[in-house]
């Protein structure tokens with residue numbers, strides 16, 4: 001209960017003296033503050049630019065934004081873009097500049113950070129389910145997952161993430177419940193509930209991708225037995241094996257980026273933490289930002305259709321720049337024709353990957 005009485009004085013005074021209980025959570029040394037600023041700022045900026053580019057490439061393409069697979073990737077990119085901006089700004093402001101806000105503003109900020117990361121993991125789960133369906137039921141995939149169903153699912157995911165994330169702002173704070181060792185004003189029982197929720201999402205991702213990896217393993221064995229011949233579904237098998245390599249990277253990145261921070265959150269529920277452990281947690285939290293930076297590379301830039309969309313955008317910009325001479329006149333038609341032909345080749349290359357799981 002001592003932590004509770006301390007939190008009540010967050011923006012007031014105690015015994016006539018200015019008092020800031022947030023100082024108990026601002027534990028970084030001067031050198032560590034510099035390290036956080038040096039790491040967080042470029043990571044956040046690069047992650048935001050990457051995810052913004054993915055959003056632009058998908059939303060600017062009428063073909064891509066109508067596909068459920070790319071709607072899920074768009075949701076992931078939007079969540080990671082917001083996470084990059086919101087987390088980086090608030091993290092640097094709190095730990096480096098030691099900015100202190102009123103209780104509602106602080107809870108709004110920490111709730112927004114929670115929302116962006118929760119929505120990101122939720123979008124990862126939807127992407128995993130989408131890839132499972134397109135490999136498990138290829139003939140009926142388009143009927144199983146329509147654009148309307150994808151939009152409804154995304155809406156539910158974001159609303160549920162917002163509801164879970166803003167519970168502290170709606171009144172679930174750490175008085176009279178014990179306060180978290182890692183997050184000001186956040187009660188341990190709420191942190192436990194959020195950990196259970198995020199564990200459920202991660203379990204769904206691991207189970208779904210694990211099923212796809214097992215199927216790919218079976219197909220790899222079939223390919224090894226028929227190296228000199230052809231069997232029905234050989235192309236599909238090769239696609240599954242290539243997808244397995246991507247999913248292996250996905251699971252490795254998820255584990256590396258999220259496990260240290262989640263493990264320390266669980267540990268904080270069982271025992272009081274020293275300042276050294278809290279400092280370790282602060283730097284482990286940056287790995288979640290790294291995950292938001294890596295997601296566009298794994299899920300978007302490995303997609304042939306998104307790369308083709310990027311090629312079309314670049315070709316369009318080059319055409320526009322070359323079409324304006326010194327007096328605003330267009331250049332020779334040759335460059336325009338060649339770019340159009342190249343654009344067509346890029347689109348045909350993307351289409352040749354097949355109607356199902358073309359983003360794998």
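Just so it is clear, glycine is given a Cβ too, placed from its N, Cα and C backbone atoms.
Going by TrEMBL, these are the annotated features:
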| type | residues | note |
| --- | --- | --- |
| DOMAIN | 50-299 | domain 'G-protein coupled receptors family 1 profile' |
| REGION | 326-360 | region 'Disordered' |
| TRANSMEM | 34-58 | transmembrane segment |
| TRANSMEM | 70-94 | transmembrane segment |
| TRANSMEM | 106-129 | transmembrane segment |
| TRANSMEM | 150-170 | transmembrane segment |
| TRANSMEM | 190-209 | transmembrane segment |
| TRANSMEM | 246-268 | transmembrane segment |
| TRANSMEM | 280-301 | transmembrane segment |
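Residues belonging to the domain 'G-protein coupled receptors family 1 profile' (50-299) score a mean pLDDT of 85 in the model. Proximity of distant same-chain residues to the transmembrane segment (150-170), defined by a Cβ-Cβ separation under 8 Å and at least 6 residues beyond the stretch ends, is recorded for 68, 71-72, 75, 104, 107-108, 110-112, 114-115, 118-119, 122-123, 126, 130, 185-187, 190, 193-194, 197. Listed by sequence, the residues of this chain that lie at least six past the ends of the transmembrane segment (246-268) yet keep a Cβ under 8 A from its Cβ atoms are 124, 131, 180-182, 188, 191, 195, 198-199, 202, 205-206, 209, 212-213, 216, 277, 280-281, 284-285, 287-288, 290-291, 294, 298, 302, 360.
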